[in-house]
Amino acid sequence: MAAPLALVLVVAVTVRAALFRSSLAEFISERVEVVSPLNSWKRVVEGLSLLDLGVSPYSGAVFHEVSVPFHFIILWSLITDALTAVALYFAIQDFNKVVFKKQKLLLELDQYAPDVAELIRTPMEMRYIPLKVALLLGYSIPLFLFTGSAFLSAIFLALATYQSLYPITLFVPGLLYLLQRQYIPVKVKSKAFWIFSWEYAMMYGGSLVVIICLSFFLLSSWDFIPAVYGFILSVPDLTPNIGLFWYFFAEMFEHFSLFFVCVFQINVFFYTVPLAIKLKEHPIFFMFIQIAIISIFKSYPTVGDVALYMAFFPVWNHLYRFLRNIFVLACIIIICSFLFPVLWHLWIYAGSANSNFFYAITLTFNVGQILLISDYFYAFLRREYYLTHGLYLTAKDGTEAMLVLK
């Protein structure tokens, strides 16, 4: 499988490099679905121009990228994408091995119901999943989730947090993943649990402090903190995008905005604790759900964020049979994806529509994503229930029972 992976990497890097030099790059750089104030190439060029003149790129209100990759941003993008694909390829292979070991152990202990043989995953079924994930992934993501070393994991988590802040919520699934690899039980009374959690938190916090201090030494200024993290949290730029923030705050009275910014931002962080409680034995699925939540509720999302969590769909192909509304939701997301450029053109260029049209399709798109992730969450819990209680449930009167998620 190494040869197909190498081929995928070569093709991906070549296409990415070619796009940087093609006329298509200019077209893509204008699309609101792809570009946000945080990743706009025009803003990067302006920041580079200010830096060449000896002026801090954060002195204006245009540039909002972190400073470490700023000095080699194109190379940074290509390298991180390639490393992400490689890391995910081997991580999913490792995840498959863990799944097989767990299935074998539970089967030997008779923890599965006798009629669930068709729900047991097989090596042939999971053989090409790592390559599918590596092939679908087209966006840089934190690599820390899938490293076996706690130290490297903490460093990559710190880099991801430093770049966009929201990955701090992935600390919990990352910790649970490492605890699972170390065979440390997730119990409040476990001394080993608290020692490992403290060590991991210190490595993560220390790495983040070092990276932030490195940014200060590069620019001799702390201007990047309000320009990047303050910008992400306060949402001052209401340029239209595929997110939920811009229209809502454009229509709101200013003296209410602080309260509702806090309400909107808390969505990314609010679900971490209940998900950690429910999915503590399944950290990989927890990561998937949390990444999807970030991509939906972050202040400046793009289609790259959506593609990020959708790249993990092949990992959960065994859940397809339990998805209730996959056809309808897939149609909603696909249709909305086609309507984004249409309604943008009608609003900005033709003048025959207004912002309400574009935000309506944005709202529909995000509602579709929320329902899709909820459907995957339901399907996962339903399969886990069937594994232990039996696939064909019956009520007390002998009739077929219906499983309801409460």
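A Cβ is built for glycine as well, from the same backbone N, Cα and C atoms used for every other residue.
Unlike curated records, TrEMBL annotations are generated automatically.
Among the features that TrEMBL reports, signal peptide is placed at 1-17. The feature transmembrane segment is assigned by TrEMBL to 70-92, 133-158, 164-180, 201-222, 228-249, 256-277, 322-344, 356-378.
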With an 8 Å cut-off on Cβ pairs and a sequence gap of 6 or more, do the transmembrane segment (228-249) and the transmembrane segment (256-277) reach 3 or more such pairs?
yes
When you scan the chain for residues with a C-beta under 8 Å from the transmembrane segment (201-222), skipping those not six or more beyond its ends, what do you find?
56, 58, 66-68, 71, 150-151, 154-155, 157-159, 161-162, 171
Could you tell me what the rest of the chain brings near the transmembrane segment (322-344), counting residues at least six beyond its ends with Cβ under 8 Å?
31-33, 240, 242, 303, 353, 357-358, 361-362, 364-365, 367-369, 371-372, 375-376, 378-380, 382-383
